[in-house]
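Peer 1: Got a structure for you, written out below as structure tokens; questions coming shortly.
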Amino acid sequence: MAMRSHYCGLVTEALMGQTVTLAGWVNRRRDHGGVIFIDLRDREGNVQVVCDPDRADMFKTAEGVRNEFCVQVKGLVRARPEGTTNDSLKSGRIEVLCHELNVLNPSVTPPFQMDDENLSETTRLTHRVLDLRRPYMQRNLMLRYKTAIQVRNFLDKEGFIDIETPMLGKSTPEGARDYLVPSRVHDGQFFALPQSPQLYKQMLMVAGYDRYYQITKCFRDEDLRADRQPEFTQIDCETSFLNEEEIRAIFQRMVTEVFKTQLDVDLGEFPIMTYQDAAFRFGSDKPDLRVKLEFTELTEVMKDVDFKVFSGAANMQGGRVVALRVPGGARENGGLSRGEIDAYTEFVKIYGAKGLAYIKVNELAKGRDGLQSPIVKNIHDAAIAEILKRTGAQDGDLLFFGADKTKVVNDAIGALRLKIGHSEFGRKNGLFENVWAPLWVVDFPMFEYDEDDARWVAVHHPFTSPKDGHEDLMDTDPGKCLAKAYDMVLNGWELGGGSVRIHRAEVQSKVFAALKLTPEDARAKFGYLLDALQYGAPPHGGLAFGLDRLITLMTGAESIRDVIAFPKTQRAQDLLTQAPSPVDEKQLRELHIRLRNPDAAKAA
């Protein structure tokens with residue numbers, strides 16, 4: 001007989017009265033009054049199997065099965081008795097009366113209960129094979145698969161061609177650290193694993209393929225966080241002869257269709273916000289628009305106040321002073337407690353802030369006397385009036401302040417905005433709206449100044465085109481040069497980022513010069529690109545989405561590791577296979593590598 005006729009989770013009333021053959025794992029075995037019930041599980045879900053003692057051989061086998069045994073069942077689909085249906089399961093109105101039961105493979109006792117929702121991540125990743133059997137992980141990975149299929153079908157209909165690019169390439173250490181692969185054949189030389197197929201896809205446009213995509217692995221040797229992995233999956237796309245707006249329109253439509261099909265969610269319109277506006281209002285280039293709090297700009301107001309923390313920042317080159325109004329934060333009942341304010345003060349220090357000044361607005365009608373804060377006495381009446389006017393403060397509001405270098409203020413108060421918005425207080429007081437909030441952030445700076453290296457560096461990458469009319473600023477004022485770059489943001493996460501690329505060799509050389517790359521360095525690192533651009537390179541641009549992030553958002557997973565089958569930990573380790581691991585001396589000799597501290601490598 002066939003090993004299986006149907007998936008467990010797909011056995012429904014439509015199969016009533018039919019004989020089915022199922023294969024899967026014992027999720028649970030229950031003995032009720034001489035009748036054994038087995039919940040049989042596969043990737044599609046569970047089905048209840050009833051083992052009656054009338055069939056002695058089968059029943060004896062059923063008595064011996066335990067959780068996670070791999071078994072095969074042949075039986076009759078019938079309705080569950082009245083009062084025993086389970087509408088939470090597709091198969092919840094039927095059961096399978098077992099005629100034959102075969103143990104395909106027994107299981108040792110698992111190290112944890114499969115329905116335990118409080119497992120540590122270490123336990124889950126160490127026993128990942130078992131963890132992947134759990135419905136939570138199977139739902140996540142099935143959604144990932146269905147999303148990838150839909151993306152492929154969409155791009156195929158739009159004329160995009162799936163072309164693979166090399167995994168072993170040239171190291172160009174301009175951004176994050178590369179993962180390096182030593183060459184056995186070429187002593188002392190190294191390949192790099194791709195951080196992105198960026199230059200290959202641009203050269204495919206020069207080669208005339210017009211529209212390219214691939215769903216591919218990329219690698220970055222960087223410090224890991226909840227939304228980072230050393231290897232990650234990218235939906236990588238490039239297209240020729242389209243402008244920025246046309247490129248954005250294609251991929252907005254793609255994401256909109258994915259959410260509608262997979263989640264039945266209508267994302268609606270995508271507002272377009274400039275980078276400058278996003279940083280000014282929210283302190284972030286990926287604002288979470290679900291949080292209903294915004295910065296109030298106060299730099300000019302604070303230039304002549306006696307409170308040196310404010311006036312010092314306001315008069316500092318590159319300094320900024322802002323307020324964050326928290327409606328209801330100072331209410332006598334239901335406002336933020338002193339302990340919560342102290343906790344927020346410590347929180348902003350993580351982002352470089354030295355502290356967190358605040359004013360409680362108790363009674364506006366009393367003017368200065370209606371405000372509660374140790375800083376009020378050092379702020380003159382005109383500044384107080386302007387603070388209250390600009391923030392729109394009402395009785396019971398709490399005003400937090402950030403004053404420092406612009407980056408510190410944006411990072412610290414931006415993080416505080418999210419912390420308060422997502423808190424229990426924020427949700428109870430209407431500061432958070434539980435919706436999907438997409439937007440495009442556009443007009444990014446072309447360059448940012450790296451104080452450690454004392455030079456300008458590319459904000460996105462050095463192949464991004466400057467906005468029309470901004471090319472000359474690369475020579476005169478790089479900080480004011482804007483790029484044809486755009487990010488798709490959803491709920492505070494960057495889903496995808498891209499740009500119109502430079503397609504003229506002389507402009508590309510100009511960017512390299514602005515980055516303090518000598519012509520010799522530029523040719524050594526990127527000569528193949530500069531050469532390609534001279535052969536009639538078309539205007540082109542593209543975008544790359546992080547598939548892992550996209551699925552994390554769609555599933556509501558707490559960590560990106562919950563949507564990847566075999567992820568690395570935050571220490572870049574695979575706990576299942578114990579990678580990375582030492583290699584033997586012969587392998588190292590073949591690669592012309594000698595370890596400085598071999599004992600440390602063995603002990604790691």
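Don't overthink the numbers, they just go from 1 along the chain as shown.
From the backbone N, Cα and C atoms, a Cβ is placed for every residue, glycine too.
Swiss-Prot lists these features:
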type	residues	note
BINDING	Glu174, Arg220, His460, Arg501	L-aspartate binding site
BINDING	Arg220, Asp221, Glu222, Gln229, Glu494, Gly546, Leu547, Asp548, Arg549	ATP binding site
REGION	198-201	region 'Aspartate'
SITE	His32	site 'Important for tRNA non-discrimination'
SITE	Gly83	site 'Important for tRNA non-discrimination'
Peer 1: Non-local Cβ contacts of Arg501 (L-aspartate binding site) (under 8 Å, 6 or more apart, same chain)?
Peer 2: Gln202, Met205, Phe463, Thr464, Ser465, His540, Gly541, Gly542
Peer 1: DSSP helix, strand and coil counts for the region 'Aspartate' (198-201)?
Peer 2: 4 helix, 0 strand, 0 coil
Peer 1: In Å, how long is the longest CA to CA span across Arg220, Asp221, Glu222, Gln229, Glu494, Gly546, Leu547, Asp548, Arg549, which the record gives as the ATP binders?
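Peer 2: Of all Cα pairs among the recorded ATP binders, the widest measures 20 Å.
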Peer 1: What is the total of other Cβ atoms whose distance to the Cβ of Glu494 (ATP binding site) is within 10 Å?
Peer 2: 16
Peer 1: Could you say whether, by DSSP, Glu494 (ATP binding site) belongs to a helix, a strand or a coil region?
Peer 2: strand
Peer 1: Among the recorded positions listed here (His32, Gly83, His460), which has the Cα closest to the Cα of Glu222 (ATP binding site)?
Peer 2: His460
Peer 1: Including all protein chains displayed, how many Cβ atoms other than that of Leu547 (ATP binding site) lie within 10 Å of its Cβ?
Peer 2: 23
Peer 1: When you rank His32, Gly83, Arg220, His460 by Cα distance to Arg549 (ATP binding site), which of the recorded positions ends up on top as the closest?
Peer 2: Arg220
Peer 1: Out of His32, Arg220, His460, the recorded positions in the record, which is closest to Leu547 (ATP binding site) when you go by Cα distance?
Peer 2: Arg220
Peer 1: Would you count the other CB atoms within 10 A of the CB of Arg549 (ATP binding site), including those on all shown protein chains?
Peer 2: 20
Peer 1: Rounded to the nearest angstrom, how far is the Cα of Gly83 (site 'Important for tRNA non-discrimination') from the Cα of Arg220 (L-aspartate binding site)?
Peer 2: 55
Peer 1: Inside 10 Å of the Cβ of Arg220 (L-aspartate binding site), count up the other Cβ atoms and send me the figure.
Peer 2: 20
Peer 1: I'd like to know which of these recorded positions, His32, His460, is least surrounded, judged by other CB atoms within 10 A.
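Peer 2: Counting other Cβ atoms within 10 Å of each of the recorded positions His32, His460 gives the minimum at His32.
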